Each structure stands twice: as C-alpha cells, then as structure tokens.
Amino acid sequence: MSIKPIEYRDGILRMIDQRLLPTEETWLEYTDYREVAEAIRSMVVRGAPAIGVAAAFGAAFGARDIEAENFEAFYPEFEKVCALLAATRPTAVNLFWALDRMKHFARANAAYPPADLKTGLLFEAMAIADEDDRLNRTMGRHGQALIPEQARVLTHCNAGALATGGYGTALGVIRAAVAAGKKVAVYADETRPFLQGSRLTAWELQKDKIPVTLICDNMAGYLMSKGEIDCVIVGADRIAANGDVANKIGTYTVAVLAKEHGLPFYVAAPLSTIDLSIPDGSHIPIEERDRREVTHSGERQLAPEGIEVRNPAFDVTPARLVTAIITEKGVVQGDYQSGLQALFGKGR
Ligand SMILES: CSC[C@H]1O[C@H](OP(=O)(O)O)[C@H](O)[C@@H]1O
C-alpha cells in the first residue's frame, strides 16, 4: 500500500490530514508557505522526513511569491520564508536539512533570473520528495537482513509511509522483511499522547495486511517479560554524531526495557536525520507541545482543570542502548562516532 501522505501537482500541494486518521481520510490543499508552516506546526503532516518534504514545497511556494528583479533582492526574502518554516518544530533535523538544501540550491543558481530560479526550487522540492521514497526502500533492504525469518517486532509511534515520502523508515524495514518472505507480526505502541501508533501505524499496517496488534504504551515491558517480542524497531527525528537518538517520547523507555530483556533495539533513519554538527543527544532541542494533547482526547477532558502538565514530544535514547542504526547507506553498529561519519563519505 505505502500511501504517499504528500502529493504535488499543478501548483497545489495535497496532504492527508493525519490528525483525523484513522476514521477520516481527508486531503487538504496548500498553495501558500504560511499555510504549509501551520500544517507542520499543527501536525496535519508529521514525521521527520515528511516534515522536510512539506517544508521544501513550502519554501518553493514562498519563493514563487517573492517579487525581485535580481538575486540580491530575492535571496534575503527567501531566507525569511525559510526562517518561518524553520520555526515550526525544533526537533526533527530533516526540517532544517531540507530548508538548508533549498537555500543552497538558490545560492548555487544565483546567476539565473529569479523566474527561472523559482522554477528550479520547485523541482528541487520534487526531487527531495522522490529521493525520500527511493532512499527508504533502499534502507528497507538493508534493514530487513536484521529481522529474523519469523519475528514479533515492537514499534513505537509511526515511522511509516505517513511519516515519510511513502514507504517508511522503521515500517519500511518491516515492509521489506515481509516482501522478502519473512513472517513478521508487529506490536504497535499506541504512543500517547498524540497516538501515532494506534491512529497511524495500526491503520497503515492493517491496510497493508501486515499482522499488527495494538498495545498500550505501558504493556511493552510485560510482553517482553513473557517472551512475546523478538526485537524493536523505531524511527528517529535526530541522531547525534555519537549515535544518541531523539525520537517520539517513550522511545527511551522502550529501549531500556529492550536492554533489560536482551532484545535488539534498531533505529531506522535516512542520512538526512543524522546531525553530525552536534556531539551527543544533550544538544538536541526537545519540543514541548500543548498541554491539551495530554489533558484531552478530542473534546473529552481526561484530567482536572488547571492540573500541571508536561508534554515533551521527544526523548533521547543513548547510543549504548541502540543495537544498530539502519540507513540507506547501510547498517552501523558499535562505534557510531566513526560509523556514522563514514556513511557521509559514501556520498548520498
Ligand atoms: C520516520 S520519522 C518518524 C518520527 O516522527 C515522529 O514524530 P512526530 O509524529 O511528532 O512528527 C516520531 O518521532 C517518529 O518516530
């Protein structure tokens, strides 16, 4: 199945409203960069690679609307467009990677008239979207080699088609393992408070007819203790140079449980999620989201008025708890510092 959550055609960006899944499949249309920014901020579109793709198209839309006779007049305005998109969510480095790539493209083609540059920026956004899908399929092939012939795989949050250009990172590895003929059953953490697992992962895998069992986040340890899980695979929002991994809140808890039970804990992420500019996970900004995500389920209030709330949307799993990092350039294990660095030497 691998649904494409983002589609561009004839000047219009269409994104499925992931806030309404699984009960409503509603597609929203965008033509303005400020609207795309709000879609990222409000999680109409979410998932590190998908956020990068959306931001790239947002930047292209913003560029289209800049009135400038030359590059000197164009580029400062384009930087403002990218800054507004960059301010939407702080943790997923793919957002900044995509915007940096769009700004690099503009500078590298400064000699072209603004009208031609704007067209080129749109094509660059389309290239980022197409590459993401291809990279994830390659990543899936690398990662599936780690999955046993028969495997009960726990995953957290949604690192699937909905979080990417259409195939998935963690779920891309699972799709590739199934395609390789392996017997894979997935246990999906519901992933409170935004419920990406119950609303998105369960929906995706059910559509793909991949066996999936939904569990509450607090059930993972029990199932591991009963020997019902063989391995864990998750996505990532930012990986530091030493292999520390920022991912959806609750991932660190699952990693500790996996270690306790001697289970492999795999992370699947493209090179655009690896941030070699930061030495370790302590430098990764962690987004704190609206308290209402915790105190309410839709309109239903789940907690007393005025209660104190914390809502960090991500946590950091230290590299020592990560068995392997799966990328489109191969699998890194053990010495992440040099292993991750070496990936970039292989070119994109
Ligand atoms: C393939 S990256 C998916 C990654 O993004 C999710 O965060 P959010 O839903 O808040 O954008 C989560 O951390 C997933 O692992």
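Yeah, the Cβs are placed from backbone N, Cα and C, and that goes for glycine too.
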Looking at substrate binding as recorded in TrEMBL, which candidate out of Q196, Q206 goes with R46, G47, A48, R89, N247, K248? Q196
Can you name every residue in this chain, apart from R46, G47, A48, R89, Q196, N247, K248, with its Cβ inside 8 Å of the center of the Cβ atoms of the recorded substrate site? I51, A92, C157, N158, A159, A163, G235, D237, A313, F314
Relative to ligand 1, which of the recorded positions R46, R89, C157, D237, N247 have a Cβ found under 6 Å from one of its atoms? R46, C157, D237, N247
Is K248 (substrate binding site) helix, strand or coil when read with DSSP? strand
Pairwise CA distance, C157 (site 'Transition state stabilizer') versus Q196 (substrate binding site), rounded so that it is a whole Å: 5
Counting across all protein chains present, how many other Cβ atoms fall within 10 Å of the Cβ of A48 (substrate binding site)? 28
Report, as a single number, how many Cβ atoms besides its own are within 10 Å of the Cβ of D237 (active site, proton donor). 32
